[in-house]
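Here the structure comes first, spelled out in structure tokens, and everything after it is commentary.
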Amino acid sequence: MAVTINTLRDCKTRGEKFTCLTAYDATFAHLISQAGVEVMLVGDSLGMVLQGNDSTLPVTVQDMAYHTRAVARGNRGALVMADLPFMSYGTPDAAMDSSAQLMRAGAHMVKLEGSSWMADTVEMLSTRGVPVCAHLGLTPQFVNKFGGYKVQGKDDSAADQMVADARELVEAGADIILLECVPSALGQRITESVPAPVIGIGAGAATDGQVLVMHDMLGATPGKPPRFVKDFLAETGTIQGALEAFVDAVKKGTFPAQEHTFKA
Ligand SMILES: Nc1nc(=O)c2c([nH]1)NC[C@@H]1CN(c3ccc(C(=O)N[C@@H](CCC(=O)O)C(=O)O)cc3)CN21
Ligand SMILES: CC(C)C(=O)C(=O)O
Ligand SMILES: [Mg+2]
């Protein structure tokens, strides 16, 4: 049975963890969805992972539509979420046009980076039939404003603001919240503060779902990986084994462990 946003809401209600991995092509989309991963993210991380850029900023809507079409063809029942790339949703009109291109390419929902000032855009998309995931915390499209990839929401006022932002975005119609690189306690607080499912990456073990970049969890990314990454290929020896081990570990609650999470 195909995964929908209702499936993820049911997971949250029942306290069952769900999984998400990035997918950029049909072959891996097939493997990932067959492994029982509920959500496939066509991430703008493809600008770094596939294109070799040092940030996600060069990625275009055209790039995203191309990879979304490939993923949609390979998909066997997962929910396909596509990132709106940098500056493709700067105004509500732009957001609607960009989202239309990604939904036509086969996405079931879009993801955008931004806090409460995105609420009007979220509402416009939501009321016009585009489910939205709001990405908070370390939002990589803001790397030049952050001055690097740094843990967010560390002090009390930043944490309180993020809780308020998450609530406001869900009230505006966001169906999912994605939290990247925040202290585990804040990940837990936001997960308990909103009725929508919360997906975490470096946001602790309490979020409803966990996401990783597939290349990272296969140990394929050059250099020192971020703290939240675990290489599942090392312990299984096959790609399919690694995908299944990730699903298993998230459902059992053994991933992420303390060593993969941030303290305040
Ligand atoms: N391959 C890949 N994996 C990702 O997870 C990823 C991408 N690419 N590209 C887009 C963004 C960039 N991301 C990043 C990149 C670096 C860190 C990082 O170095 N984090 C430090 C934390 C630093 C601090 O303590 O403030 C770490 O040690 O994990 C985190 C997220 C996540 N996304
Ligand atoms: C790291 C995840 C959450 C993402 O946005 C991406 O892969 O682009
Ligand atoms: Mg992204």
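The backbone N, Cα and C atoms fix where each Cβ goes, glycine too.
TrEMBL entries are annotated by machine, without manual review.
Since this is a predicted model, take the numbers as computed values, not measurements.
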Candidates Lys12, Lys111, the one TrEMBL lists with Asp44, Ser45, Asp83 as binding 3-methyl-2-oxobutanoate: Lys111
Integer Cα-Cα distance in angstrom, Glu180 (active site, proton acceptor) to Ser45 (3-methyl-2-oxobutanoate binding site): 13
Secondary structure at Ser45 (3-methyl-2-oxobutanoate binding site), reduced by DSSP to three states: coil
